[in-house]
Ligand SMILES: CC(C)=CCC/C(C)=C/CC/C(C)=C/CC/C(C)=C/COP(=O)(O)OP(=O)(O)O
Ligand SMILES: O=P(O)(O)OC[C@@H](O)CO
Ligand SMILES: [Mg+2]
């Protein structure tokens, strides 16, 4: 099935959890064993990406995951190097609040011909970086959305919807001290019909539940898996949090 439809169909029943793996952080075999644990814990898909990705590493990891794991593998590109033919889909993302046109339409134009040849599914996504923003905010020249200004996020979200984007990703930055504020998520969700993904700084079932309760449709965790001795139980804690709301 097409990944966007898989999201839509699943959302009729439950909110989704995606596990972010960085292909640079471990071998393809290790990524497969981590992903299998995450699936056993209840994750609904694997996102693959990092702020500095090398294409051959990405290919090897995407291929291994696709052959060995039963949930969709979705690319989360940090640049034009974040593209691989072995994934099920790519978040075709534009960093809407960047001050550098490269991250809004430049990387997209440079990557598009290759992606078209590969024939993988593209999911148009608005990417909004909220304070503190982490590496992504710095690399992406983001004019960070202040945590206390949910209306700015709402304005970008309405614009994303009007531009035809199917998903809006509210990003606090990998490893952020706190997730995106609940008030921001709920205002965005109330004002738009777009599917809302939230990530950055979510480490516990309780935090995941708060983000889900605020209205996030899809909740992403990355760092928590990198630093965890029992991936299955951590992911199942987070998934239970999400499903408890
Ligand atoms: C559509 C195409 C081909 C490219 C889009 C390129 C864009 C818009 C990128 C946005 C800016 C950016 C640098 C995003 C990175 C997103 C990402 C993969 C984050 C994961 O980052 P980590 O590597 O986990 O960060 P740390 O190094 O801080 O852990
Ligand atoms: O690593 P964490 O903090 O879980 O963040 C996930 C994702 O939103 C980063 O792009
Ligand atoms: Mg990382």
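Cβ atoms are placed via backbone N, Cα and C, with glycine included.
Feature annotations, reproduced from TrEMBL:
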BINDING   22, 51  Mg(2+) binding site
BINDING   169, 170, 171, 172, 173, 174, 175, 200, 201, 222, 223  sn-glycerol 1-phosphate binding site
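Non-local contacts of residue 22 (Mg(2+) binding site) by the CB criterion (under 8 A, 6+ apart in sequence, same chain) comprise 48, 49, 50, 53, 222, 226.
Proximity of the binding-site residues 22, 51, 171 to ligand 1, judged by a Cβ distance under 6 angstroms to any of its atoms, singles out 22, 51 in sequence order. The binding-site residues in question are 173, 175, 201, and the one with the fewest Cβ neighbours inside 10 Å is 175. Packing around residue 171 (sn-glycerol 1-phosphate binding site) is summarised by its Cβ count: 26 other Cβ atoms lie within 10 angstroms of its Cβ, all protein chains included.
Counting in whole angstrom, residue 169 (sn-glycerol 1-phosphate binding site) lies 16 from residue 51 (Mg(2+) binding site) by their C-alpha atoms. Residue 223 (sn-glycerol 1-phosphate binding site) falls within a helical segment according to DSSP.
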